[in-house]
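What follows is a short report on a single structure.
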Amino acid sequence: MKVVVSGGGTGGHIYPALALIHHIQKVDPSTEFLYIGTEKGLEKKIVEKEHIPFKTIEIQGFKRSLSLYNVKTVQLFFKAIKRSKELLEEFQPDVVIGTGGYVCGAVVYAAHKLNIPTMIHEQNSVAGVTNKFLSKYVDKVGICFPEVRTAFPEQKVVFTGNPRGQEVVEIDKEEGVLEQYGLKTGIPTILIFGGSRGALTINNAVLEAIPELVKKDYQVLYVPGNYYYEEVMKKMPQEHPNISVQPYIDQMPEVLVNVELVLARAGATTLAELTALGLPSILVPSPNVTNDHQTKNAKSLVDAGASVLIKDDELNGTSLVQAIDQILLQPDELQKMTLKAKEQGVPDASQRVYEVLQEISHS
Ligand SMILES: CC(=O)N[C@H]1[C@@H](OP(=O)(O)OP(=O)(O)OC[C@H]2O[C@@H](n3ccc(=O)[nH]c3=O)[C@H](O)[C@@H]2O)O[C@H](CO)[C@@H](O)[C@@H]1O
């Protein structure tokens, strides 16, 4: 089978795409892939590192009330469809899947125009603009939260879960992973990060909490994000033996299987990882996303007792330390949340998506 995968902008759209590719490479090594992204999105760096054939188109999103900018956006969109058609005609895929971001708007639409079977994957509990637009044209829509079902044509929807969940579950737990980051195995560990790009509120709260965190018997793997790393490092005290600060983690699945608790934004792909593994979490939904979708993403985990939610404007050094202590220092609570998180996971999501792709490519 020949598969075109397109998705970009942020890690939340890219990692599910890569997890799916990895899975298909395992179950059917003869499959050929082409990944179509943009030059500017995170996908260029992440996908090229994996040696997956990668081509780009130029595209941008709409902005509110910037009319000239939006005229250019429309022009670029038509150009991007033309370029996508050229790439598709050259590669001749059996099927095309879009995992979100503006880029897949053009690629999946172009595929539909060329009568190539298409699927989109919606990671969030609220449908993204691009996916809503594409859902009129595609053959299938894979979803991860039951509540998003009604946003799409009913007969096209398949509950698949997020492929990244399956990827993290299949990782073997190796010794010495925490040591690579200057931490120790066998000590309760919390991972703190703010999605694929970092989050200022979380960084401010962690910096405020450092004087308390350094006194704790647990350890902290703190990932402020590439963009914020240098500023954060300037504010860190000289001595912080139980706190490791890393700009970005390339091998997140290996880290996730070695920590007991996570504090993060409520991006959909992060949540898929946490639930597939059964990892308790403290979630701080970003207030800057469309339709407050991160709060809605977090809701099912919080309702199930798998996560604790702190609102962005209620996060500070004190509330952060309190929330961590209440879970990480209470083995019963930690265990209860672990079980609840696991109940929410979809550990075979890649296989489910792959089966849909096979079905539509043969129909
Ligand atoms: C601000 C914004 O628009 N965020 C959206 C974006 O988030 P974002 O790109 O942050 O996506 P997610 O939180 O869903 O996923 C982040 C991914 O990056 C990985 N990771 C993160 C940090 C790191 O150092 N290393 C690493 O590998 C995580 O393990 C995870 O796989 O896409 C998500 C999925 O559509 C949405 O739900 C989010 O609302």
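Just so it is clear, glycine is given a Cβ too, placed from its N, Cα and C backbone atoms.
Given the structure is predicted, the values throughout are model-derived calculations rather than measurements.
Per TrEMBL, the feature domain 'Glycosyltransferase family 28 N-terminal' maps to 3-142. Per TrEMBL, the feature UDP-N-acetyl-alpha-D-glucosamine binding site maps to Thr10, Gly11, Gly12, Asn124, Ser196, Ile249, Gln294. Here TrEMBL flags 189-353 as domain 'Glycosyl transferase family 28 C-terminal'.
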Secondary structure at Gly11 (UDP-N-acetyl-alpha-D-glucosamine binding site), reduced by DSSP to three states: helix
Densest Cβ neighbourhood among Gly11, Gly12 (binding-site residues), 10 Å radius: Gly12
Within the domain 'Glycosyltransferase family 28 N-terminal' (3-142), residues counted as helix, strand or coil by DSSP: 67 helix, 25 strand, 48 coil
Listed in sequence order, residues with CB under 8 A of Asn124 (UDP-N-acetyl-alpha-D-glucosamine binding site) and six or more positions away: Cys144, Phe145, Val148, Ala268, His293, Lys296, Asn297
UDP-N-acetyl-alpha-D-glucosamine site span - longest C-alpha distance across Thr10, Gly11, Gly12, Asn124, Ser196, Ile249, Gln294, in Å: 23
Largest tally of Cβ atoms lying within 10 Å of a Cβ, found at which of the binding-site residues Thr10, Ser196, Gln294: Gln294
Spatial neighbours of Ile249 (UDP-N-acetyl-alpha-D-glucosamine binding site) that are distant in sequence (at least 6 apart) but have CB under 8 A: Phe193, Val223, Val255
